[in-house]
């Protein structure tokens, strides 16, 4: 559940060319959401949000309490948990009200604030996954080299948040609450959160860049890293004399690790693909938002 998916609703429209007069707004007639669907979605959204927050709070608690868990990789995992908590607090409830109410009912400042926070937290989540992959690569491919210091890991985390926030700045700059004509109310207007600050062509370029850095680049990076790790594990010879039982056990463990690495890449690609395809196609075929 990420900010760009908010475009599924006319409540948040990033197309600056959206008219506000009653002569051209007929293509975006609002629809009434059945009460049964409201109840089902309320349960689903509420459960997802609760599980996301509570589950990731448990991860943070484990890393904070146990000294054994305070490794560089676990710091990155904790950072991933923080980002996912933010998504659970901001992205999911915000998306819920946008999809159901079909108008803006939150304070005006949240029109720009919530999408900015969502883009930032999604970026931090994905960049943290990439950082975990690179740390595992260093540990497996170059075990003799000095380990990444915890202080260095903390600076990497700071950089991840800064870099993630920079990608969200256009949302903070572009989105504002405006009154838009609603043909279903006999000429009355309704508040909508939409792009009023960035030209459409520039917004398209921004979304292409966002898709690249949110999905394409991390997917390629994580895939290459884990493929190299898998090849390294497969080709590494056992030290000392050959022992059938020991070698077979190690070989089985390596196969499990290689399968796990493959699943990490596959799940990343599959879980993020629908959203990123939507983000891409909404710029190529804007009619999908109508």
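Each residue, glycine too, has its Cβ placed from N, Cα and C.
As recorded in TrEMBL, the features of this protein are as follows:
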{"type": "DOMAIN", "residues": "55-290", "note": "domain 'G-protein coupled receptors family 1 profile'"}
{"type": "TRANSMEM", "residues": "35-63", "note": "transmembrane segment"}
{"type": "TRANSMEM", "residues": "75-96", "note": "transmembrane segment"}
{"type": "TRANSMEM", "residues": "116-134", "note": "transmembrane segment"}
{"type": "TRANSMEM", "residues": "155-174", "note": "transmembrane segment"}
{"type": "TRANSMEM", "residues": "205-229", "note": "transmembrane segment"}
{"type": "TRANSMEM", "residues": "257-275", "note": "transmembrane segment"}
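For the transmembrane segment (205-229), the list of distant contacts is 4, 14, 119, 122-123, 126-127, 129-130, 133-134, 136-137, 140-141, 167, 170, 198, 261-262, 264-265, 268-269, 272-273, 276, 279-280, 282-283: same-chain residues at least six beyond its ends, Cβ to Cβ under 8 Å. Panel annotation: around the transmembrane segment (257-275), residues 2, 4-5, 126, 129, 214-215, 218-219, 222-223, 226, 229-230, 233-234 of the same chain, lying at least six beyond its termini, place a Cβ under 8 Å from a Cβ of the stretch.
Remote same-chain partners of the transmembrane segment (155-174), defined as residues 6 or more beyond its termini with a Cβ less than 8 Å from a stretch Cβ, comprise 3, 14, 16, 75-76, 79, 83, 112-113, 115-124, 127-128, 131, 195-198, 203, 206, 210, 213-214.
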